[in-house]
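Got a structure here, written out as C-alpha cells. Questions coming.
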Amino acid sequence: MLTIDLDQSLRDPVSERHLQTVTSVMLKARKTLVITGAGISCSSGIPDFRSADGLYNLVKKQYPKTVLKGKDLFDANLFRDCTTTAVFYTFISELHAQTLKAKPSPTHHFIKMLAERGKLLRCYTQNIDCLEEELGMDTSLVCEKGKVKKDVNVVQLHGSLRKLKCTICSEPYGFLTDYEKVFREGEAPDCPKCELNDVIRVAQGKRKIATGTLRPDIVLYNENHPFGDAIGRIQVSDLQRSPDVLLVMGTSLKVHGLRLLVRKAAKTVHENKRGCVILVNKTPVVGKEWSGVFDYFIEGECDHWCHIVQDALRKVKVQTKLPFKALTPAEIEQQKQKEQQQEKKKKQQELKQSSNKENFVPLHLAKVQKPGTKKRLFSAMAGKRMPERASAAGYIHKAQRTSL
C-alpha cells in the first residue's frame with residue numbers, strides 16, 4: 001500500500017506524482033464502488049460517531065453523572081437500562097436537529113458528480129444523516145409496493161435518522177418536531193397506530209393490547225438489519241458487474257460487516273487488470289487483515305482530495321466540449337425541418353407496407369388447395385377471394401390474374 005500525504009503532496013514532487021496517478025485512475029474509472037463513513041460528514045457539522053467528546057457534549061449537561069462512549073450510544077444493549085435509554089433518546093433528538101441544519105459536504109457533491117457522469121456503480125454508507133438525499137440521490141431500499149429496489153444510488157447500511165418505526169408493529173413514521181421534543185426529554189412517543197387499535201378493541205369489549213413506542217429507524221451495534229438479506233443480494237449483484245475502482249472514504253473500518261464487504265470487494269476489483277482500491281481517511285487502518293487490500297492510502301481530509309479529483313474531471317469536461325460549435329437559430333430550425341421530413345417519410349413507408357400486407361395471404365393457406373381445383377381461398381387478412389399461385393416470397397398476391 002502506497003501512502004500519499006495530502007499536506008506534503010504540494011511540497012514533495014514524488015507525492016505529487018503519485019497523487020496525479022491516483023487522479024488519473026479516477027478519470028479512467030467506469031464502475032466505481034464507493035464506501036463512506038462518518039468522516040465525510042464532519043465538515044457538514046455532524047460529529048464523528050467515534051469521537052466521544054463531540055457526541056457527549058450533546059447530552060452531558062442533562063446527564064452529568066452518566067458516562068458513555070461514542071460507540072456505546074449506538075449499541076442495542078443500552079435499552080437494558082432506563083438511564084442509558086433516556087440518554088440515547090436525548091442524544092438522538094439533538095443529533096437529528098443537527099442533521100436538519102447540516103448541508104452536504106464537498107465529498108457528497110463529488111459522489112453525486114460520479115453518479116451524474118455514469119461512473120458510480122453504487123455507494124454504501126454507514127451514515128444515518130441522509131445528506132445524500134439533499135442532493136437528490138435515491139436512498140430508499142423499498143418502493144411503495146414493498147419490494148426491494150435494485151437501482152438505488154445509496155445503500156444505507158445503518159438505516160435512516162429521518163424515519164421512526166414502532167417497536168411492536170414496525171409502522172413507519174416521519175421524524176416530526178413533536179416527536180423530537182418528546183425524545184429530548186429522554187422519553188419515547190407512543191405509536192399512534194397501536195393506540196388506535198387499542199381504543200377500537202376496548203370499544204368492542206375486547207381486552208387491551210400493548211402499545212408500542214417509536215424509535216429511530218437505525219440499526220445499532222448487536223442488532224440485525226431488517227433488510228440485511230436484500231442488501232446482501234445487492235452487494236452480490238454489484239460485485240458480479242466487475243467494478244474497476246473501490247473507493248473507501250472517511251471510515252476507520254471498525255464494523256465487522258463492513259470489513260468483510262471491503263475485503264471481498266477489493267478482491268473482486270483486483271481481478272480486473274485495471275482495478276484499483278483507494279482509501280481516503282485521516283488515519284490509516286490497523287491490522288494484518290488489510291495487507292494487500294489497498295493500493296493507495298490518501299492520508300488527509302476527504303473534502304481536500306475530492307476537490308482535487310473533481311477539478312480534474314471538470315477540466316476534462318471542458319476540453320471535450322471545445323471542438324464543438326454551438327448551432328445558430330437558423331441551423332436549429334433547419335435541423336428541425338429535416339427531422340420532420342424524415343419522420344413524414346418514415347410514416348409514409350409504414351403506411352405503404354401495411355397496405356401491401358393486406359393484399360397478401362400466407363403461403364400455408366395457399367398449399368391447402370391443390371392446383372387444378374375449382375375452389376378458391378379467402379384471404380385471412382383481407383377477406384377476399386384470392387388466386388392460387390404463390391409468389392417467390394411465400395405469399396399470393398391478389399393482383400395476379402394468371403390462371404393456374
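Using N, Cα and C of the backbone, Cβ positions are placed for all residues, glycine too.
Since we're looking at a predicted model, the values are computed, not measured.
Annotations for this protein, taken from TrEMBL, read as follows:
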DOMAIN    12-325  domain 'Deacetylase sirtuin-type'
ACT_SITE  HIS158  active site, proton acceptor
BINDING   CYS166, CYS169, CYS191, CYS194  Zn(2+) binding site
REGION    333-365  region 'Disordered'
COMPBIAS  333-343  compositional bias 'Basic and acidic residues'
REGION    380-404  region 'Disordered'
Non-local Cβ contacts of HIS158 (active site, proton acceptor) (under 8 Å, 6 or more apart, same chain)?
GLN126, ASN127, ILE128, ILE218, VAL219
Could you count the residues of the compositional bias 'Basic and acidic residues' (333-343) that DSSP puts in helix, in strand and in coil?
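Each residue of the compositional bias 'Basic and acidic residues' (333-343) counted once, the result is 11 helix, 0 strand, 0 coil.
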Grab the pLDDT values for the domain 'Deacetylase sirtuin-type' (12-325) and give me their mean, rounded.
86
Around CYS166 (Zn(2+) binding site), how many other CB atoms lie within 10 A of its CB?
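Looking across every protein chain shown, the total is 19.
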Have a look around CYS194 (Zn(2+) binding site) and count the other CB atoms within 10 A of its CB, chains all included.
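Around the Cβ of CYS194 (Zn(2+) binding site), 20 other Cβ atoms lie within 10 Å.
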If you count other C-beta atoms within 10 angstroms, which of the binding-site residues CYS169, CYS191 is the most crowded?
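Counting Cβ neighbours within 10 Å, the top one is CYS191.
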Within 8 Å of the Cβ centroid of the Zn(2+) site residues CYS166, CYS169, CYS191, CYS194, which other residues of the same chain have their Cβ?
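These residues sit around the Zn(2+) site: THR167, ILE168, SER170, GLU171, ASP190, PRO192, LYS193, GLU195, THR211, GLY212, THR213, LEU214.
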